[in-house]
Structure formats: C-alpha cells, structure tokens
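What follows is a set of notes on a single structure, which appears directly below.
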Amino acid sequence: MASEIKKKLFWRAVVAEFLAMTLFVFISIGSALGFNYPLERNQTLVQDNVKVSLAFGLSIATLAQSVGHISGAHLNPAVTLGLLLSCQISILRAVMYIIAQCVGAIVATAILSGITSSLVDNSLGRNDLAHGVNSGQGLGIEIIGTLQLVLCVLATTDRRRRDLGGSAPLAIGLSVALGHLLAIDYTGCGINPARSFGSAVLTRNFSNHWIFWVGPFIGGALAVLIYDFILAPRSSDFTDRMKVWTSGQVEEYDLDADDINSRVEMKPK
C-alpha cells in the first residue's frame, strides 16, 4: 500500500477520477435543469426521462472511453466498492477514488448551482423518494438498479473472456441509462452515491439520503457475489485477495484461464 501511494500513475488516476466525475455530474444533472424545467406544454414526462437517462448514460460512455486507460473510469463509489470486493483494486485506491468522486460531484454541483441560481425551487438534481414510494421500496429500486450496473461492469471488463466484442464503455453507458429508465420515477435514480451526495451537500437536504448510499453499496456487493462466486467463479484464496487489497491493482497479477468457464488462480507476477 505504501509503494502504491508513491507512484505518479496512482495520483494521475485519482485526478482522472475527480475530473471525469466533475464533468459527468455537470453534464448529467445539467440535463435535468434549465430555464424550461419543469416541463413546458410541448414536452412530456416520458420525453424528459428519456433525455435525462440518455445524458447520464452517454456521458458515462464518453468519459469511460476518455479516462478508462488512466483510472479505470469508475465514476461511482458503488462500482469502486464492487471492484474492491472483486479483488481488482487496493483498499487505498478504493478510498482515494471515492473521495475524489465525492469532491468532483460537489464541485460540479456547485458550478451548476451558480449557473442555475435564478431557478425557483432548484433541487440541483437531489435524489429523494417520489410521492407514494416508501423507504423500503426506494431501497429496493436502488439495489436492483445498481446491481445490474455493477454486474455489467464486471462482465464487460473481465479479462478472462474471449468472446467480448464491441465497446465496453458503450455497454456500461447503456446500463447506466437503463438504470435511470427504471428508477427515475421512484427515486430520481441515484445508483451512484457520489452523484447523490453532491446535490445533498449543496441543497443542505439529507432527507432519505442514506438510501442512496446503502442501496447502491448492497447492489454492488450482490453483483460481485453473483458474478465472482456463481456465474464466473474465481479460485483465489484470502492470501491472494490480501495481496491485491494491500499491494496494488489487478494489472499486477496474472489471471490464468483458458475460458470463462474455468476456475481462475490469481498469481502475483
């Protein structure tokens, strides 16, 4: 862990997470705000939901392609937690990424607050439960929405696979859009604790905010359980996991497997 913190590449990755998260939150939440919002007569709620969902999904796809080679483009604490539990990053990297993501979200939301300051009752995209939705229902929506996202991330970035084609960032972006199409009418769609945190901080309103941390973290952890232990099991033991968690990310390890159906041994180089 001490050796990783001394590397320039590590800090470049942290900065990349901060910058990409700032752009992501500005673009995505900005799409839900504006001087014609709430909806005008010539718009429908469905049209607006699709617009916002596409903005979230396409911005993730674009930024994942832009900084994925630098940081992995997590841009979501739930994704970071999932990759940590999947033994693909160190504990130090996970902590620094989540801090960078939260700070980036706050900065982006603060900029949006200044730009849209004349809007009446500006929520800055703050997540909350829709009318008639209770906390248990909202939590369930956040769990399912995040589970399918982290499952997509794990599957499309699995280096053991030989059948992958097309663009992983695009697939992940579509997964984000899909999550929003599901959840936006129930919770405003969090599935990203940092994005929810930025809006809560700037509006000083943390009502039901716990849902948008607990739900995504449970969903991310369940995705790892399903993928790494049921669908595509890995045979690394606790010692191997500790080496990744303390010494560095998965690029420093060999994953030996002939195909996706084989069990994998994680061996340090």
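Think of each number as a place in line: the chain as shown, counted from 1.
Backbone N, Cα and C atoms are what each Cβ position is placed from, and that goes for glycine too.
Both Ile89 and Val244 are recorded by Swiss-Prot within identically named topological domains, on the same side of the membrane. Checking Ser117, Ser235, Ser247 against Swiss-Prot for the annotation phosphoserine singles out Ser247.
Record note: of Asn42, Asn205, Swiss-Prot gives the feature N-linked glycosylation site to Asn205, with no matching annotation on the rest.
Record note: of Ser71, Ser135, Ser262, Swiss-Prot gives the feature phosphoserine to Ser262, with no matching annotation on the rest. If you compare Tyr186, Tyr253 in Swiss-Prot, the phosphotyrosine annotation sits on Tyr253. Annotated pair Ser247 (phosphoserine) and Asn205 (N-linked glycosylation site), C-alpha to C-alpha distance, rounded: 39 Å. Here the topological domain 'Cytoplasmic' (1-11) is broken down by DSSP into helix, strand and coil counts: 8 helix, 0 strand, 3 coil. Annotation: stretch 207-224 has the most Cβ pairs under 8 Å to the transmembrane segment (134-153), among 12-29, 47-65, 164-181, 207-224.
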